[in-house]
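What follows is a short report on a single structure.
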Amino acid sequence: MNIHIMACRRHKSLVCLSVCLAVWAWSVSVSAAAVKGETGVGELSVSEIEEQLQECPLVQALSEHKVATNPATSTLTSQIFAFLFPGSPAVNALLATLYISGPPNFLLALCPPNIDPSSLSIMVAFAVGGLLGDTLFHLLPEIFLGEDEHDKVKFVMVEPNKNLLLGVAIMVGFVTFVAMDKSLRIATGGEGGHDHSHSYSHEKVEPAAKASGALLNGSKDTIRSRKQANGAAATGNKGEKDVEKEISASVKLGGYLNLIADFTHNITDGLAMSSSFYASPTIGATTTVAVFFHEIPHEVGDFALLIQSGFSKRAAMSAQFVTALGALLGTCIGIAIQEYGGNSASADIQGPGLFGTSLRWGDMLLPFTAGTFLYVGTVAVIPELLETGPEKGKELWKTLTQFAAMFVGAGIMLVISWS
């Protein structure tokens, strides 16, 4: 009997000990989870959060469904892009800069010196469609939502302050070009900024010889009249040379200011190359196509302006080659910012970002580029496309062809995005 009672007491003691151990283990696990939730989650980077989300069974099932319903296909455009851009983001950005700067400058050798910039309106409209298409179909979705991946689903973590900073960067890019254009208009006396029309006013001043000729006809003394005519003609020719010299200096100043603006503009193109390729290969390739479409009429228009400013064909080509180095400089600056400033996708960068958000300095280049593209595609070019002449039928046909060219340029960007 006593043995049975002792066994029961020992059994009850073991049960109580087991319950105590279980409660203690549960409390420790809860405390650890709470500590981890308080300190660990807030320190995770965006890439680390994405990695842990991909371990969720539901997310894995969604990724498998996405791959099954959308099998990967290698399109012709993707093969071409893979061939043209086979390296790292930095290498691809440098290659893209060579693509957008080299061929347009070599094409200048085929352009006649007396080319009219207004004849490029169809090509300019095509370039506008490409720039706006790249901005609206590629850059802005990439800026706010990120790049899609074929083999897995992705989730967007909404940060209101992050979106505000991205919007500020877009506005800074837009206002930067407004300030540059305004400064050039002030420097040239309000005769126009760095646009595609290059519509500087080169009005000829009528010489004073006509007035002297009228005095000559009214004179009765032939000898005296000849002396007066010769003196008046000499005075008129001198005045005409002075006026031409003054106009030439003004036009020459406009040509040099345009070179400065072109150099600055090419720097932003280089920044666009670097920021887009560090965002994703697809964004980089499509941005390269859009900038290339834009550079051809841009370079030809600047070439025509330099010829009008008194440059020889060889000197104008040399000047355009020098300004093309601005794109290489901008690309190198962008690569340095991306490599040393980092971006939100960098897994090796810890700590808070700009103003407490997940953004890094490298993330601000792409929205800045979008702002510059919006300015170039609208304010800098649309006024030229809105210009009309007195012949209604001719202008209507010209307008239809411009809109068609614009839709073709935007359509190319849409097709690339869709595939």
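Heads up, the Cβ atoms here are built off N, Cα and C, so glycines get one too.
Of the given residue ranges 268-291, 364-387, TrEMBL assigns the label transmembrane segment to 364-387. Of the Cβ pairs linking the transmembrane segment (399-418) with the transmembrane segment (164-180) and spaced 6 or more residues apart, fewer than 3 are under 8 Å, so the two regions do not touch. The transmembrane segment (120-144) makes contact with the transmembrane segment (364-387), as judged by at least three Cβ pairs under 8 Å among residues 6 or more apart in sequence.
Through the fold, the transmembrane segment (364-387) approaches residues 121, 124-125, 127-128, 131-132, 134-135, 139-140, 142-143, 165-167, 169-178, 181, 193-197, 199, 265, 268, 271-272, 274-276, 278-279, 283, 287, 290, 294, 334, 337-338, 354, 402 of its own chain, all at least 6 residues removed from its boundaries and within a Cβ separation under 8 Å.
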